[in-house]
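According to Swiss-Prot, the feature signal peptide maps to 1-22, an assignment based on sequence analysis. Feature annotation from Swiss-Prot assigns disulfide bond to CYS86-CYS345, CYS249-CYS262, CYS286-CYS313. Residues or ranges marked as N-linked glycosylation site by Swiss-Prot on the basis of sequence analysis: ASN137, ASN201, ASN250, ASN341, ASN354. If you look up Swiss-Prot, you'll see SER179, ASP384, HIS436 marked as active site, on the strength of sequence analysis.
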Amino acid sequence: MMNISNVSIALYLCTLFAFVSSDSPEAMRDLVTNFPGQPKVSFRHYAGYVTVNIISGRALFYWFFEAMTHPNVKPLVLWLNGGPGCSSVGYGATQEIGPFLVDNKGNSLKFNPYAWNKEANILFLESPAGVGFSYSNTSSDYRKLGDDFTARDSYTFLQKWFLRFPAYKEKDFFIAGESYAGKYVPELAEVIYDKNKDNENLSLHINLKGILLGNPLTSYAEDWTGWVDYAWNHAVVSDETYRVIKQSCNFSSDTTWDVKDCKEGVDEILKQYKEIDQFSLYTPICMHHSSKVDSYANYKTTIPRLFDGFDPCLDDYAKVFYNRADVQKALHATDGVHLKNWTICNDDILNHWNWTDSKRSVLPIYKKLIAGGFRVWVYSGDTDGRVPVLSTRYCINKLELPIKTAWRPWYHETQVSGWFQEYEGLTFATFRGAGHDVPSFKPSESLAFFSAFLNGVPPPLSR
């Protein structure tokens with residue numbers, strides 16, 4: 001019989017093996033060292049490329065952060081931003097949930113005390129090709145981009161990433177994201193779910209447990225209806241404009257944009273939103289260089305598209321930082337000499353390359369995942385005008401799920417953080433006073449909510 005000392009040694013060796021087994025030669029080549037401006041931390045992080053198509057030379061860029069403590073026992077979470085065309089490195093990692101936030105000059109980094117890798121191992125992926133550092137050597141690939149293309153490439157990425165980091169293959173796996181990732185996340189989850197049913201190739205199995213969606217684009221008709229209703233309800237547009245839209249627009253129809261009154265009414269909302277930050281109605285806009293202030297023409301050309309976006313000042317700081325030679329070299333994005341022109345959102349994906357497919361609704365996928373027993377949580381910052389809380393509530397109501405627990409406030413540090421409701425198979429919560437990118441506005445509350453999600457328990461429902 002083993003004594004206490006031997007048991008301790010055995011446990012230590014098991015833990016050590018868990019770390020060592022994650023360090024494949026490829027993984028060690030991706031280990032980030034001497035990252036410019038990085039605060040001193042005890043966890044490791046890795047960055048680099050995973051080739052998803054050898055023939056076309058298509059590769060996706062990732063940045064992976066071990067959990068701050070006990071990475072060998074904590075789950076793995078993939079974070080995706082939307083767009084289509086926006087970077088999970090520039091937004092999720094840099095402005096929201098990553099451990100290193102870019103300062104207000106783009107010169108250095110500051111530690112994020114509310115980083116989500118306090119609770120999990122976090123993997124950021126720039127997808128599809130053409131986003132951030134991700135690329136293809138075959139230019140025709142860029143004209144094939146769409147939801148299905150992105151889901152397939154993301155799945156291939158995961159399979160190859162797990163070969164590089166085998167210690168994470170069997171961990172509980174979750175997918176999280178916001179805005180247009182409201183499409184990406186369930187679509188990728190569906191691919192994983194379907195592929196996992198292939199009992200003849202168990203080596204491809206991914207231990208998917210659930211999805212987490214923030215201010216997500218979900219269903220075309222409900223998203224647009226909620227967008228219009230929210231703008232009127234928050235006094236952004238006149239009663240007359242609202243009346244015209246309600247009378248002339250049928251967002252369930254493919255031809256609604258051919259109706260002159262409908263298009264002009266929607267244009268009027270966009271015109272008014274030009275004056276403020278649509279993604280956060282009650283915060284100031286950045287005046288020195290605001291892509292939002294100058295984006296009215298882009299909105300008009302991308303109707304009926306809905307796309308991601310955040311505080312343009314933060315976007316600018318990220319652009320400065322990730323175009324530095326020393327930063328690109330440290331992240332293994334380039335050799336530090338032949339630099340890439342990194343942008344936080346690639347407008348070409350919508351404006352020039354087109355987007356070949358976008359599901360009108362992912363609610364059928366919600367139903368499929370719920371029936372499969374996966375955890376589905378949705379949250380919404382209630383001051384976001386782009387993918388507003390009304391849109392999300394309309395979408396959830398469309399599912400007609402039985403209510404499990406009554407609508408009630410949830411709390412963080414004795415204050416009301418938002419409201420919360422559990423349905424059979426789905427959990428919905430709001431964040432009071434948060435805009436589109438909720439963790440940027442409510443970092444402490446978001447971390448607490450994320451922890452509750454991982455544990456499958458409600459956030460605090462009393463002070």
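Every residue, even glycine, has its Cβ placed from backbone N, Cα and C.
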Let me know how many other Cβ atoms fall within 10 Å of the Cβ of CYS86 (disulfide bond).
30
Between CYS286 (disulfide bond) and CYS262 (disulfide bond), find the distance joining the two CA atoms and give it rounded to the nearest Å.
30
Return only the integer: C-alpha distance in Å from ASN354 (N-linked glycosylation site) to SER179 (active site).
19
Near ASP384 (active site), which recorded positions out of CYS86, CYS249, CYS262, CYS313, ASN341, HIS436 have their CA within 10 Å?
HIS436
Around ASN250 (N-linked glycosylation site), which of the listed recorded positions (SER179, ASN201, CYS313) come within 10 Å, judging by Cα atoms?
none
Where does ASN137 (N-linked glycosylation site) sit in the DSSP three-state scheme?
coil
Quick one: Cα separation, CYS345 (disulfide bond) versus SER179 (active site), in Å?
13
Of the recorded positions listed here (SER179, CYS249, ASN341, HIS436), which is spatially closest to ASN137 (N-linked glycosylation site) when Cα positions are compared?
ASN341
Hey, of the disulfide-bonded residues listed (CYS249, CYS262, CYS286, CYS345), which one tops the CB count within 10 A?
CYS345
